[in-house]
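Visitor: Before I ask anything, let me first share the structure, which is written out below as structure tokens.
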Amino acid sequence: MADTHTQRPRPVALLILDGYGQNDDTEYNAVYSARTPVMDALKQRYPSTLLHTDGKYVGLPDGQMGNSEVGHMNLGAGRIVYQDFTRITKAIEDNELASNPVLTAPIDAAVAAGRAVHLLGLLSPGGVHSHEDHILAVAALAAERGAKHVYLHAFLDGRDTAPKSARASLERANARLAELFGADNAYVASIVGRYYAMDRDNRWDRVEQAYRVIVEGEGSQVATSAEAGLDAAYERGETDEFVAATSIRPHGEPVRMADGDAALFLNFRADRARELTRAFVEDDFSGFTRQARPKLAHEGLVMLTEYAADIPAPVAFPPTDLVNTLGETVAKRGLKQLRIAETEKYAHVTFFFSGGREDEFEGEHRELIPSPQDVKTYDEKPEMSAYELTDKLVAAIDAGTYDLIVCNYANGDMVGHSGNFDAAVKAIEAVDDCLGRVIEAIERAGGECLVTADHGNAEQMVHPETGNPQTAHTTFQVPLIYVTPRQGATLADDGSLCDLAPTLLTMMHEPVPEEMTGRVLIGNT
């Protein structure tokens, strides 16, 4: 195949049918139940296969369902993009924490000064904002570095976990700390519900209660142990999420942060860690009056990941810089690209598909179609803005301006989240209707395209075990169809989302950059 711009198909398109998975169980399967003559015909006429979108295939823990952010990041990167949860877990498994100077420097400084180490975070196995395994791994790191006094300030979950499930985590943490340092030298020194410690709506009165119990050892409640404090909270009618700030005082005196102490915030998700972090590190902080603000060891409070670019605190696991994503590669080759979606998925075909880049690349155009504003939930309008999007997309194809087009149809996912089976069927049918027009335009232009999804959703609308509506994503594979006029074209099986960027470049007769470790899935018989 000659590598010339004149001979390649134009445009090459990636059509992402969000939330459109393949489930062999046909019951409460909106994808199966919908009338989809276009998809049915495409599968008959063109090469097709299934793709993995979950767990290790997209940089998540095994078995973890994919999501739109992760899916589009992998689609655009052309390599598995390890998510923060997985990156940190892998660093622990590979014994790499000890070689991370952002973690070791403040601990070493505190040890040298004879000061304490404080660990802050959501003590939970939920895996959404944090994981207790990460917290206990850093405690073990502190022990290896010679720390004598380590205090854990535990935020309680009850939201990504059962409402009253914190006891097991507290008992496990105290047992491990006692094993590492001795029970008198290390323990859970405060507990507070995430409602207070992890606010994200500038409710500073809540954050202040968490800050004061961590820094000053002053809470509205006092207990001799974390477990006793939790029992008292339950007796007050509080669940884990709402546990009042409780100072734990096994020896009668509170734990207070002091100058020279080390402090590490061990949540990995940013949005609910920002406010408390700002209270620790910002000189001009105005959320509430800080009665105490100790000068912490080394460069101050450590963030496990970057909670915000403007927070002046060291980051143990900074954002990965994705070089030569599909969008960047196409731009470097002097080609034109279109990203198009309705509001609900606009960030996914732009920011996430570009590897976390806000700005357009050279030669990139973005088309935003507003999602419906006249309904509370999209099951009231399952077609959403698919027809308006299709009008714009077909016009763009007919204009012949673009070499690469990336489009997302949001319906299967957004209506799937409603749990409304009948509406999800209508959503899938609307997408199929639109898909027919788009494929006709691509064929008319002499182009090629891949039709796929970022993850499943609408193919399982009722949970098979509980019988309740299922509103979450699934771990089912998703279809991949290669629409091409080439005779004898094939698609390899057992692919993942990261394989599509190198595949698209190959369709465009463009070389694949070495950073893209995904496989090219197209071939010939």
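Even glycines carry a Cβ here, placed using N, Cα and C.
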Visitor: Report the candidate from Asp18, Asp403, Asp499 that shares the Mn(2+) 2 site with Ser68, Asp454, His455, as recorded in Swiss-Prot.
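Guide: Swiss-Prot names Asp18 for this Mn(2+) 2 site.
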Visitor: Please pick, from Arg194, Arg339, the residue that Swiss-Prot records in the substrate site together with His129, Arg159, Asp160, Arg200, Arg269, Ala270, Asp271, Arg272, Lys345.
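Guide: For substrate, Swiss-Prot names His129, Arg159, Asp160, Arg200, Arg269, Ala270, Asp271, Arg272, Lys345; of Arg194, Arg339, the listed one is Arg194.
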Visitor: Per Swiss-Prot, what member of His298, His473, His509 joins Asp413, His417 in binding Mn(2+) 1 at one site?
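Guide: Record source Swiss-Prot; matching candidate: His473.
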Visitor: List, in sequence order, the residues of the same chain other than Asp413, His417, His473 whose Cβ lies within 8 Å of the centroid of the Cβ atoms of the recorded Mn(2+) 1 site.
Guide: Asp18, Gly19, Asn67, Ser68, Gly412, Met414, Gly416, His455, Asn457, Ala458, Thr471, Ala472
Visitor: Can you tell me which binding-site residues out of His129, Arg200, Ala270, Arg272, Asp413, His417 are within 10 A of His455 (Mn(2+) 2 binding site) by Cα, answering none if there aren't any?
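Guide: So far as Cα distances go, the binding-site residues lying within 10 Å of His455 (Mn(2+) 2 binding site) are Asp413.
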Visitor: Please report how many Å separate the Cα atom of His417 (Mn(2+) 1 binding site) from that of Ser68 (active site, phosphoserine intermediate), as a whole number.
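Guide: Rounded to a whole number, the Cα-Cα distance is 13 Å.
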Visitor: Could you state the whole-number distance in Å separating the C-alpha atoms of Asp413 (Mn(2+) 1 binding site) and Asp18 (Mn(2+) 2 binding site)?
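Guide: Each residue's Cα considered, Asp413 (Mn(2+) 1 binding site) and Asp18 (Mn(2+) 2 binding site) end up 5 Å apart.
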Visitor: Under a three-state reading of DSSP, tell me whether Ser68 (active site, phosphoserine intermediate) is helix, strand or coil.
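Guide: In the DSSP reduction, Ser68 (active site, phosphoserine intermediate) maps to helix.
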